[in-house]
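According to TrEMBL, the protein has these features:
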type	residues	note
DOMAIN	A:68-274	domain 'ABC transmembrane type-1'
TRANSMEM	A:12-39	transmembrane segment
TRANSMEM	A:59-90	transmembrane segment
TRANSMEM	A:102-128	transmembrane segment
TRANSMEM	A:148-177	transmembrane segment
TRANSMEM	A:198-227	transmembrane segment
TRANSMEM	A:255-278	transmembrane segment
Amino acid sequence: MKREPPRTLADYGPLLFPAAMLTVFFVVPSGTMIAVSFFQRQQGGFYTPAFVWSNYERFLSVFFGNVLGFSLMLAIAVAICCVVLALPFTYLLARMSRRAQVLWLVGLLSVLSLSEVIIGFAWSTLFSRTAGITNLLVAIGLMDSPKALYPGFSAVLTGMVYQAFPYTVLVLFPALVRLDPTLTEAARTLGSSPLRAFFNVVIPALRNTIVATLIMVFIFALGSYLLPQILGRPQHWTLSVLITDQAIYQSNMPFAAAMAVFLVLVTLALVTLTLFLGRKGEAA
Amino acid sequence: MSGLVLKDISKRFGDFTAVDHVDLSVPHGTFVCMLGPSGCGKTTLLRMIAGLDEPSEGAILLDDEDITPIPTHKRNLGMVFQSLALFPHLNVGENIAYPLRIRGVAKEEQKRRVDELLQMIHLPGYGDRPVAKLSGGQRQRVAIARALALSPKLFLLDEPLSALDAKLREAMQVELRQLQQSLGITTIVVTHDQREAMTMADTVVVMNGGEIRQAASPVEIYRNPADTFVADFIGSTNLLELSADSARRATFRGKPVAGLTLPAGLAKASVSIRPEDVHLTASGGDAIDGTITFIRDLGGTIETFIDISGQNVVAVSTPRARPDVTVGQKVGVVLPAEACVVLKQ
């Protein structure tokens with residue numbers, strides 16, 4: 001069925017509300033942020049309108065370059081871990097009975113009701129030496145003495161994957177439910193073992209969904225600023241942590257804004273690159 | 001014996017019995033159509049032969065080897081699904097080459113075989129096209145070629161033509177039958193379309209309620225249906241309740257049916273007679289009296305509906321043999337004894 005393209009102004013009517021929301025809550029704040037990133041900072045927490053590049057210049061250092069690199073690497077690692085874990089899980093979930101599906105999804109959604117702070121402190125307790133999971137391993141004889149698993153990179157990664165996992169499942173679920181189950185059955189009749197069919201039929205058939213999910217989790221992870229502070233050492237702090245630090249504790253709004261704008265640009269560039277490569281792969 | 005043998009196969013899902021103690025043997029190279037209404041267990045039976053479902057009881061033998069415990073991917077069969085299940089991320093050639101690739105066949109050999117198969121399905125040069133750009137009939141052929149790529153021992157098709165329009169479906173039925181005959185491959189098709197089954201099959205297996213009601217050649221099924229279900233399901237028929245008189249002669253509504261006797265011990269029987277075997281004459285004599293209630297002229301055939309004291313009987317004839325009758329007219333109905341089939345109760 002083909003739909004008529006909108007012609008008159010009235011046809012665009014239903015778009016008014018979302019357009020207004022987008023303007024008020026996205027275009028205006030982003031515009032303000034971009035503007036502030038060029039302002040001149042005043043000592044004592046204020047800034048005056050100006051057009052200077054100094055905020056961006058300050059950012060171009062090895063230190064911030066490393067932080068940016070680490071932030072991107074962490075977000076990519078979180079995205080890959082989430083998709084690798086969530087894909088087989090959701091594939092099985094989509095084939096369960098309705099009841100089981102509801103129970104699992106409700107359980108996963110309840111994770112979303114936890115705030116980042118609670119997730120962070122819960123994991124820091126679980127990873128601690130005195131009350132952590134290593135005590136359980138000692139009790140069943142797998143370890144000699146309990147040890148602290150945090151702060152550290154693995155702790156940050158675990159916490160962030162835990163937080164992003166429900167989102168990943170929710171994004172993958174509809175695509176996997178719609179996936180024609182006879183595709184894998186056909187692959188099996190043609191000589192593929194079920195595991196092999198998963199890798200050379202299910203995953204390629206879901207390529208676009210997987211790429212979209214990777215991008216979503218990547219962007220979600222880039223914005224995380226509490227978990228790296230709670231579960232990591234200072235070298236595990238992401239750009240988002242530094243932005244928060246500059247904006248709230250150092251009262252340097254223009255510099256924080258400049259970093260945020262830069263992060264948005266880098267993210268956009270990476271997403272565009274991913275989509276471009278995906279398009280190219282499709283044509284081949 | 002060589003070929004496929006189903007030994008006492010049952011399949012239960014919880015309390016529901018989908019397939020109920022089925023025995024069937026399919027000699028090598030035959031074309032079998034499993035026919036029945038939806039929910040009769042025909043698809044479940046096919047899926048068990050493919051190994052996609054496990055039978056609750058019984059064994060499946062292929063060339064005297066018990067294949068029941070063998071997983072699907074080691075069974076050496078080709079299957080066409082109702083949805084066709086062509087892989088959307090692969091083009092036509094890659095789809096057909098998929099089973100060859102899985103088995104590690106060399107690239108040049110893959111290409112040669114794909115070209116050969118494309119030739120066979122009358123789509124030469126289509127190898128590089130994306131599957132989404134094909135018409136329904138073309139996709140159908142690609143699915144068939146992919147299933148036959150490895151020259152399997154068994155060729156299974158689950159309602160393969162149901163997505164096509166009527167004209168294309170009839171053409172594909174003929175094509176599929178010719179292909180099967182030229183390859184000599186044992187083929188099992190599940191369908192609910194009896195015309196399809198009649199067109200293609202060496203053996204039609206009529207199923208209902210998880211049981212095989214009759215397995216025989218199409219003509220045998222049509223001419224000698226085993227029971228009322230088969231008679232009613234295959235083609236259209238007149239099902240008449242006949243009684244036997246003291247000399248075992250069959251009577252219909254008190255009027256004797258000339259030359260027909262019922263088997264000993266049967267006081268009553270259901271008899272099937274095809275509409276084309278019902279003849280109309282002038283009333284009186286040996287004929288049974290009836291009144292014409294409706295005439296349907298379809299051009300190629302003419303159906304005449306006759307009321308015989310409350311029972312509706314349909315007679316079909318060609319325009320050439322058209323009886324010169326009108327609605328409301330009293331006529332004589334002749335039921336030739338040799339065309340009447342006494343059915344099992």
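The backbone N, Cα and C atoms fix where each Cβ goes, glycine too.
The transmembrane segment (A:102-128) is not in contact with the transmembrane segment (A:255-278), judged by fewer than 3 CB-CB distances under 8 Å for residue pairs 6 or more apart in sequence.
Among the recorded stretches A:12-39, A:148-177, A:255-278, the one sharing the largest number of Cβ pairs closer than 8 Å with the transmembrane segment (A:198-227) is A:148-177. Residues 74, 77-79, 81-83, 85-87, 89-91, 93-94, 105, 108-109, 111-112, 116, 119-120, 123-124, 127-129, 132-134, 206, 209-210, 212-213, 216-217, 220-221, 224, 227-228, 230-233, 236 of the same chain sit 6 or more residues outside the transmembrane segment (A:148-177) yet have a Cβ under 8 Å from a Cβ within it. Under 8 Å from some Cβ of the transmembrane segment (A:255-278) lie the Cβ atoms of residues 33-34, 36-37, 39, 41, 55-56, 58-59, 64, 68, 71-72, 207-208, 211, 214-215, 218-219, 222, 239-240, 242-244, 246-247, all in the same chain and six or more residues away from its ends. Same-chain residues lying 6 or more positions outside the transmembrane segment (A:12-39) and placing a CB less than 8 Å from one of its CB atoms are 6, 47-53, 55-56, 253-254, 257-258, 260-261.
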